[in-house]
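Engineer: Dumping the structure here so I can ask a few things about it.
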Ligand code: SF4
Ligand code: SF4
């Protein structure tokens, strides 16, 4: 059934999204927005965090109005149930990032052992730096030897009980002292996740405060552990991102080229596809089939990884993944893991698109499974690109609709190294700009899309307000793609910033919104914040910084928000987390935690109000610093 203009505009602010929502409806597709409508009203107990199915005496639920049951069969009350549910969300998010990191460590080791043809060490500089942090001397060792030693040392971080994770060496001393005092210093990556699953089993930890404290430790094991390893090893294997121009929106899919779309999170597969797409033999085959080339485009964070290092254009963010298929132009979609809607395979059956899954831990209905292993990734990538090229001539002309809008230009690649490079090698100029008030502060606007919120509206509205008020925005994930689509990631967007930020951006030739990467790359923001605090001899929580996730949906976002707050960064969430069934937990996380960590959470669905709260927070931090 066709959608009305009002229905379409209520779903997304994006021009391409509006066109392809109608195209999808014409083609009879059911999208994420349709399925969300069909689920309404969603379960109020679950929304409040008051339902539990942790054992088979249940499922149980607590009546939020006080008229029905106030305890589950085991006796757990609202506070215990909410804390346990939140703990399990953190554990799932931390496990996802950290397992992604472990897969990269495996490739690093195999590269060193000579068992991963096609992969190489692209940044010996970072290999040596990180090896030194792990206490491994580089003297006289080949990069291959160093890679093996570092991989083994990193593998130890996952399972072994340690006093503290290695990357905590970058954390300001004041922050480390806070964690030690609270007993939340993360000891081992898998250890904290495993302990969370244990604590939330029936009859283990039934103190809601103790559960929440372990939740923070579990999240820190992600932020300063699993995700940190993922980002650093990706840089070692695939290169440290540097500023690179690119384009974004569904217009990047080319009518006259073979389009291969890469979706998911881990660059291990997509980097090999990138190499294979340059193969002269496959390019010649594409030409034989009548195509003018092989065009790669990204979705979600696999797209962000390729964008940051290779400038590969982005087709879109999370809510565009189904709509990308409805162009009829995708000859192959290759997925790895995370945020890949199980509906995608069935949607693709309406078109000629070949859907390919690549990880043994992420299989999907209506997708052909082609497993990637480091040993055979190079030949597998060539096989898949060949299949995509051969599929080009099977397009269904009646189903094809190229995007009517031209792609929006953007700039990505702002790793910490690139930002410090643009500043002349040290954070001093940024600190001076903050001290002078030209830049009032910095905010990480990160996270997903969620059909509960008009697509991209939360991100773009919040960010426009912040930059207008001289607040530098750094971003990652699907938020970064939203900002790029809105034209905020080109140097000319400095004209939209306040006078101080505008001046800084113009003098450095950078946009007011800096793309720092994928979801695991939120640790680049942590790393930059820690570098600023260390340069000033202070704590992260003293700086005029904040974070926001206006449209988050994922358990990974819960872990990210928790490690941001635990690291001392005030964090505003746009969609309410399932904690409102426990007024005590809401009070702790939004008020009392400030006294423990120097940072707290806020929940504010209205992005204009969220901007006002963040601006007020930044003013307070500046005042406390005497600025
Ligand atoms: S753990 Fe307790 S509250 Fe949860 S399902 Fe079992 S009995 Fe019910
Ligand atoms: S930002 Fe959220 S939706 Fe987007 S790729 Fe990351 S976790 Fe998935």
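Using N, Cα and C of the backbone, Cβ positions are placed for all residues, glycine too.
Because TrEMBL annotations are produced automatically, they should be read as predictions rather than curated entries.
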Engineer: To which of 350, 505, 519 does TrEMBL also attribute binding of [Ni-4Fe-4S] cluster at the site defined by 265, 301, 339, 448, 478?
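Structural biologist: Answer, per TrEMBL ([Ni-4Fe-4S] cluster site with 265, 301, 339, 448, 478), from 350, 505, 519: 519.
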Engineer: With 52, 55, 60 listed by TrEMBL as binding [4Fe-4S] cluster 2, identify the candidate in 43, 46, 74 belonging to that site.
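Structural biologist: So, going by the record in TrEMBL, that would be 74.
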Engineer: At the Cα level, what's the spacing in Å between residue 478 ([Ni-4Fe-4S] cluster binding site) and residue 43 ([4Fe-4S] cluster 1 binding site), rounded?
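Structural biologist: Rounded to a whole number, the Cα-Cα distance is 27 Å.
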Engineer: Measuring Cα to Cα, how many angstrom lie between residue 448 ([Ni-4Fe-4S] cluster binding site) and residue 43 ([4Fe-4S] cluster 1 binding site)?
Structural biologist: 22
Engineer: Taking the Cβ of residue 43 ([4Fe-4S] cluster 1 binding site) as the centre, how many other Cβ atoms fall within a 10 Å radius?
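Structural biologist: So the Cβ neighbour count for residue 43 ([4Fe-4S] cluster 1 binding site) comes to 11.
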Engineer: Of the binding-site residues 43, 52, 74, which ones put their CB under 6 Å from ligand 2?
Structural biologist: none
Engineer: Quiz question: given the binding-site residues 339, 519, which has the greatest number of C-beta atoms lying within 10 angstroms of its own C-beta?
Structural biologist: 519
Engineer: Can you name every residue in this chain, apart from 52, 55, 60, 74, with its Cβ inside 8 Å of the center of the Cβ atoms of the recorded [4Fe-4S] cluster 2 site?
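Structural biologist: Apart from the listed residues, the neighbours are 53, 54, 57, 58, 59, 72, 73, 76, 81, 202.
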Engineer: Secondary structure at residue 339 ([Ni-4Fe-4S] cluster binding site) (DSSP, helix/strand/coil)?
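Structural biologist: Looking at the DSSP assignment, residue 339 ([Ni-4Fe-4S] cluster binding site) belongs to neither helix nor strand, so coil.
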